[in-house]
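Asker: Mind having a look at this structure? Questions to follow.
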Amino acid sequence: MNAPQRSVDNATRVDHLVIAELVEPGVRVLDVGCGDGGLLSLLETTRGVDGRGIEISQKGVNESVARGLSVIQGNADTDLVDYPDNAFDYVILSQTLQATHRPRDVIEQMLRIGDKAIVSFPNFGHWRMRGMLMLNGRMPVTRNLPQAWYETQNIHFCTIRDFIDLCDEMGAHIERGVALNGSGQRIALNAPWWFWNLFGQQAVFLLSH
Amino acid sequence: MAIVGDTEPTGAPAADQAVVALEQADNPSSPVVRFGPDRPLLLDSGKRLNHLQIAYQTYGTLNEARSNAILLCHALTGDQHACNRHPVTGKPGWWTEMVGPGKAIDTDRYFIICTNVLGGCMGTTGPATTDPETGEPYGLGLPVITVGDMVRAQAMLLDQLGIETLFCVAGGSMGGMQVLQWAATYPERVFSALPIAAGARHSSQNIAFHEVGRQAVMADPEWRGGRYLLDDTSPRKGLAVARMAAHVTYLSEQALHRKFGRNLQDRDKPTFGFDADFQIESYLRHQGMTFVERFDANSYLYLTRAMDYFDLAEDYGGRLANAFRGSKTRFCVVSFTSDWLFPTVENKAVVRALNAAGASVSFVEIDTDRGHDAFLLNEPEMFDTIRGFLSSAAYARGIA
C-alpha cells in the first residue's frame, strides 16, 4: 500500500468535521493513515483527545511529528496487528480504506484495537462516477480523485451499499452514517440508502462490535 | 596478521597520538567529576566501584528553569567529544552533523551534555584508568559493566550538576541502548527520548560479531592477558582486526559497492600477493590503524560485553512493554532501511512495546543505503524528523 491520494477541497474538511463530531471528548484515538496529521490536530484541539497516528509516507510522518503528534511510520495492512486489544476508544480510517490491500482485515483489526471504528471513503456509487463509466466507458477521474487507473494508489473502491454489505457480513454494527454531497453538504438522515448511494460523494460511518 | 600500508597522516604522528590517548584516560582535557568510597557505584554484577570519575563535555547554555538539558549518549567507539575538536585525533566531533548552532539538536536552544561512558577510555573510569587503590591501571580487574551501570553513572553526574530532569536523552546504536535504559530506569527524569538505530537487546548475530572482535584482541600476544599497559606494549594488531571486522557491519553492501566496488588501490592490475590490492582492503586497514591510536583495547572488550548483556525485556519479566509501563516520556524511534546491525525490525519491536505500554511514540524509517552508520551522517530526512520532534517537545515543555 502506498500513500493514498487525498482530496484537499472543502468537502474533505467537512469530512474531518463530521469525524470530529462523532468522537467523544477526551478519549484515546488512533488515526490510521493520518497523512500530515491534520485530522489528529483537529481532534486534539477541538475534542481534547489523546491521539496517535500511523502514516506510510515519510513526508506525512515528518509533518505530523513536527506538529507535536505521536505518529509511527507504518502500513495499515501489516502494522495494526502490533497493537493490543482495546487499546483505543476510537480507531479512525479517513480516506484510506480504498488504498488498503485487505480492507476487510483492516476494519476487523480496527474493531479489535478500538472500542469503535470510524471509516470515511469516497463513494464510487455517486452519480458522477456512474455517469463517467456509463457514458464515457472509462474509469472515473475527478477533482477529488485525479489520478488515472494505472497510477492511482487507490485499489479497492467501493460504494456505500458495498460497504454496508461488508459491515453486515462482518457482523459490525453501524451506529451512525453520514453522507456528504459534492458541495460537502449532508444528505438528509431520513433519505433512503439508494439516495445516499447516488448522491453521496463521501461517506463516514461509525462502527462498533 | 600484519596490518600494513596506506595510512593518511592526520594531526600528530601515530605514536604521539597513542601517548596522548593514554594520558586522557586519567587526566582528560574535558571537565571531570570524581566520586569516592562515600558514594560507591553499585554494579549489576553485584560488585561496587569505590572510585568513579566521569569526563564530560557541554555545549550551549542551561536555562534558568534548568529545563533544556539534553544528554547525548555515544556509541561503542565514540566519546564525550560530540562536537568539539578531538584532543587525540584533532578531528571534528562525531556528531557535528546533528549537533550545533541551528542544527537539528540546536546548541542555541538546548544545553547539551555528553559523557564518556563507564568503561570508556577518554577520562571516565574504564580499564585504562589508574585504580587509586593500587596505583596501577584497572585492566581486567575492573568489574564487567552493563548499560544499566553506564546510565546510573550518568545519573550521578547529573545529580552533581544539579539537573533533575532531562529535556531529552538521545543517542545512536549503543547510545540508543542507553536512551532506552534511561527511559526505563528513570522515567520521571526523561521528558523525551530519542533512540536511533538501536534495539532493546543485542541479537545473537551482533554478539557473534563482538566475539570475533574480542578474540582478535585477546589472540594478539601483545595483549598479555590484559596487562599490556603494565608491560608497556599494546595489542594494536588484534584491535585493528577487531575494528576492521566491526566496521564492515556499520556499512551496507550497497554503500560498499558504491564507494569501492572492485576498484584497485593505486595500481592497474592485481599483484598476485596479499598486499592491499583492492581499495576496500586499503580503506579497512586505514580504519583499523587509526582506531588503535585513540582507543584502548580492554575498553573495547568491556564495552562490547556491556552491549552483549543488554536485554531490557529480560530485566522486566520478559515483557519489554513492562519496561515502559506508565511512562510519560515522549519517544521518537529512528531506524534506517539498510542497517543490518540494528535493523528496522529491532527498532519496531521497541515501538510495539511502547504502543502496548500506551506510551507516546513516533517512529520513522529513513530510506538510505549507508547502513548503521547513517545516524552519524548527513541524512536530511533524519534531521527534519528530529528537529520537528524536539521543537514540539520543547513547546510542550515551555522551552523558548
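Each Cβ is built from the backbone N, Cα and C atoms, and glycine gets one as well.
Grabbed the feature section from TrEMBL, which reads as follows:
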type: DOMAIN; residues: B:68-378; note: domain 'AB hydrolase-1'
type: ACT_SITE; residues: B:Ser173; note: active site, nucleophile
type: BINDING; residues: B:Arg243, B:Asp373; note: substrate binding site
type: ACT_SITE; residues: B:Asp339; note: active site
type: ACT_SITE; residues: B:His372; note: active site
Asker: B:His372 (active site) to B:Arg243 (substrate binding site): how many Å between their Cα atoms?
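Answerer: Rounded to the nearest whole number, the Cα-Cα distance is 15 Å.
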Asker: Measuring Cα to Cα, how far is B:Arg243 (substrate binding site) from the residue listed as 'active site, nucleophile' in Å?
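Answerer: The residue listed as 'active site, nucleophile' has its Cα 16 Å from the Cα of B:Arg243 (substrate binding site).
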Asker: For B:Arg243 (substrate binding site), which DSSP three-state class applies?
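Answerer: Looking at the DSSP assignment, B:Arg243 (substrate binding site) belongs to a helix.
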Asker: What is the total of other Cβ atoms whose distance to the Cβ of B:His372 (active site) is within 10 Å?
Answerer: 23
Asker: Look at the recorded positions B:Asp339, B:Asp373 and tell me which residue has the greatest number of other C-beta atoms within 10 angstroms of its C-beta.
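Answerer: Per the Cβ count, the most surrounded site is B:Asp339.
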Asker: Can you tell which of the recorded positions (B:Ser173, B:Arg243) has the fewest other C-beta atoms within 10 angstroms of its C-beta?
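Answerer: It is B:Arg243 that, of the recorded positions B:Ser173, B:Arg243, has the fewest other Cβ atoms within 10 Å.
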Asker: Roughly how many angstrom lie between the C-alpha atoms of B:Asp339 (active site) and B:Asp373 (substrate binding site)?
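Answerer: Approximately 8 Å lies between the Cα of B:Asp339 (active site) and that of B:Asp373 (substrate binding site).
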Asker: Can you tell me how far the Cα of B:Asp373 (substrate binding site) sits from the Cα of B:Ser173 (active site, nucleophile), in Å?
Answerer: 9
